[in-house]
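K.L.:
Dropping a structure here in structure tokens format, bear with me for questions.
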Protein chains: 2
Amino acid sequence: MAFDPATLRYDDRGLIPAIAQDHATGEVLMMAWMNAGAVAQTLATGRVTYWSRSRRAYWVKGESSGHVQRLVEMRVDCDRDCLLVLVEQTGPACHTNRRSCFYSALRDGAEVEILQPEA
Amino acid sequence: MAFDPATLRYDDRGLIPAIAQDHATGEVLMMAWMNAGAVAQTLATGRVTYWSRSRRAYWVKGESSGHVQRLVEMRVDCDRDCLLVLVEQTGPACHTNRRSCFYSALRDGAEVEILQPEA
């Protein structure tokens with residue numbers, strides 16, 4: 001059946017979490033939020049677009065940094081309240097210039113940095 | 001430095017999203033929520049434990065189904081408001097008996113099922 005963003009389950013702010021995963025390596029890059037408009041825009045443009053909770057505005061990933069995410073495939077979970085977006089990531093996904101936002105690992109009870117900022 | 005679950009950023013319900021990823025294949029299995037107690041319990045026991053929003057109770061993944069998640073590594077994102085848990089998943093992660101909850105893909109504008117329930 002044709003997909004309608006209105007069929008997703010948004011929270012009381014009208015948002016749904018979206019996990020971005022590198023389509024080639026499987027690396028989980030980041031998690032951010034979309035509203036129905038961002039879902040529709042991502043699908044229409046092929047450029048992954050989130051909703052910035054702090055700026056209260058659409059956030060076309062990489063619009064200012066150039067670190068864009070091209071949509072490869074969007075997936076919906078069983079409860080329809082979470083999205084997985086497979087992407088082709090240009091440059092680092094994280095605003096700290098690291099490939100992934102998940103660069104802190106808990107090992108032996110301590111937090112260790114497992115990814116360095118890119119040059 | 002030693003890790004303290006209180007240093008994470010929880011939402012106004014005291015929850016943080018946790019993405020479960022198969023540590024061996026990289027497959028994203030599910031997303032659920034933890035509170036500080038669930039984070040601590042997961043780290044202490046090595047059994048991934050969420051907070052069930054509907055039941056308002058701890059949810060030791062697989063406790064009734066046997067489809068447990070053994071914690072391999074927990075990672076924290078740059079904003080400290082999302083977790084990535086690398087797991088060893090026994091059986092299907094999804095309550096629909098599919099390996100992953102993300103079994104619906106949007107292809108050519110329509111939703112298609114890309115994973116079947118396991119036998």
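Yeah, the Cβs are placed from backbone N, Cα and C, and that goes for glycine too.
From TrEMBL, for reference:
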type: DOMAIN; residues: A:30-103; note: domain 'Phosphoribosyl-AMP cyclohydrolase'
type: BINDING; residues: A:Asp77, A:Asp79, A:Asp81; note: Mg(2+) binding site
type: BINDING; residues: A:Cys78, A:Cys94, A:Cys101; note: Zn(2+) binding site
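I'd like these features described in context: how deep, what's nearby, how far apart.
P.N.:
The residues of the domain 'Phosphoribosyl-AMP cyclohydrolase' (A:30-103), classed with DSSP into helix (H, G, I), strand (E, B) and coil, number 10 helix, 29 strand, 35 coil.
The Cβ neighbour count for A:Asp79 (Mg(2+) binding site), using a 10 Å radius over every protein chain in view, is 14.
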K.L.:
Which of A:Asp77, A:Asp81 has the fewest nearby Cβ atoms, counting only those within 10 Å, among these binding-site residues?
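P.N.:
Sparsest of the binding-site residues A:Asp77, A:Asp81 by Cβ contacts within 10 Å: A:Asp81.
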K.L.:
Other than its own, how many Cβ atoms are within 10 Å of the Cβ belonging to A:Cys94 (Zn(2+) binding site)?
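P.N.:
A:Cys94 (Zn(2+) binding site) is surrounded by 21 other Cβ atoms within 10 Å.
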K.L.:
I want to check the contact list for A:Cys101 (Zn(2+) binding site): same chain, sequence separation of six or more, C-beta distance under 8 angstroms. What comes out?
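P.N.:
Result: A:Leu29, A:Met30, A:Met31, A:Ala93, A:Cys94.
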